[in-house]
Amino acid sequence: MTILIDQPELIGSRAEDQNLQEQTNELVLDGGFVVPKTMPNDGFVAPEINSFGKTFRDYNAECERQKSVEEFYRLQHINQTYDFVKKMREEYAKLDKAEMSIWECCELLNEVVDESDPDLDEPQIQHLLQSAEAIRKDYPDEDWLHLTALIHDLGKVLTLPKFGGLPQWAVVGDTFPLGCAFDESNVHHKYFKENPDSNNPAYNTKNGIYTEGCGLDNVMISWGHDDYMYLVAKENGTTLPSAGLFIVRYHSFYPLHKEGAYAHLMNEEDKENLKWLQVFNKYDLYSKSKVLVDVEKVKPYYLSLIEKYFPAKLRW
């Protein structure tokens, strides 16, 4: 089934650059998430600080959380190689780890905390619902986008024993291409010098083994929850539009959608889908909050979306 979606009207200004408004006259969303009644033109207000009282995605702030995040990226940048990613894609393409519904997977995520995230230490299901509920308020007619927000991080179950018990550096964190030069916009870029691919001349140019405009589908991106959930959704016959699948697969590709790096590898379809990813990214990043969503209250709505876009049981 093909779903036609309109392109978002206002895209391009980064959430970090928006004028923040005083959060008075608050209203509570269906899930218990608090937002101000007075909204800017694009319907979104980005908070100034994360749940630790720091600015968002600050990888240099002096605190224990930032130290553990940097160690995570050191391991990720050393171990994510072209050959490793190729091996992971082949292994997990079998989809032989489990059979369960989308909501069952959401509940499993209660066992996961993302060590790469400097902004959040809540169970992952809360982040999913916070993102989805915030988008639902601003884009009420785009139900596919609400569901995309709910499922975008489900691949983090890769850290659980049933799914291989992969180390966090092989599951979470910002993603980046392999097979071409590591762009300096990557977080903690300095650790790439210890990656074996750095010694391969074929991988050390801007294009590397790729051609300009080849399309991201043809690029080997570091392995993690993004690529895994994309694989699960696609192979189980989801009817989400291509923009939804693009968001799932590339929402951690911050070097591209935040810094503009690697854009030369995109084709025209990628560029159109990137517009929706830029919309989604604001809610993915800035909806992280200590205000928890009432899961049971919103569950019936999201179960109806799951039924619309996915089979009852999926192979994982």
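Heads up, the Cβ atoms here are built off N, Cα and C, so glycines get one too.
Those TrEMBL annotations? Automatic predictions, nothing curated.
Quick look at what TrEMBL annotates:
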| type | residues | note |
| --- | --- | --- |
| BINDING | ARG57, ASP114, GLU115, SER116, LYS156, GLY173, ASP174, HIS251, SER252 | substrate binding site |
| BINDING | HIS127, HIS152, ASP153, HIS225, HIS251, ASP284 | Fe cation binding site |
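Feature annotations (TrEMBL) mapped to structure.
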| residue | record | Cβ neighbours (10 Å) |
| --- | --- | --- |
| HIS127 | Fe cation binding site | 24 |
| HIS152 | Fe cation binding site | 25 |
| ASP153 | Fe cation binding site | 25 |
| LYS156 | substrate binding site | 28 |
| ASP174 | substrate binding site | 22 |
| HIS225 | Fe cation binding site | 27 |
| HIS251 | Fe cation binding site | 24 |
| SER252 | substrate binding site | 25 |
| ASP284 | Fe cation binding site | 23 |
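Taking the C-alpha atom of ASP174 (substrate binding site) as reference, the shortest distance to any of the binding-site residues HIS127, HIS152, HIS251 belongs to HIS251. Closest to LYS156 (substrate binding site) in space, going by CA atoms and restricting to the binding-site residues HIS127, HIS225, ASP284, is HIS225.
Taking the C-alpha positions, the distance from HIS127 (Fe cation binding site) to SER252 (substrate binding site) comes to 14 Å. Of the chain residues outside the Fe cation site list HIS127, HIS152, ASP153, HIS225, HIS251, ASP284, LEU128, SER131, ALA149, LYS156, ASP226, SER252 have their Cβ within 8 Å of the site's Cβ mean position.
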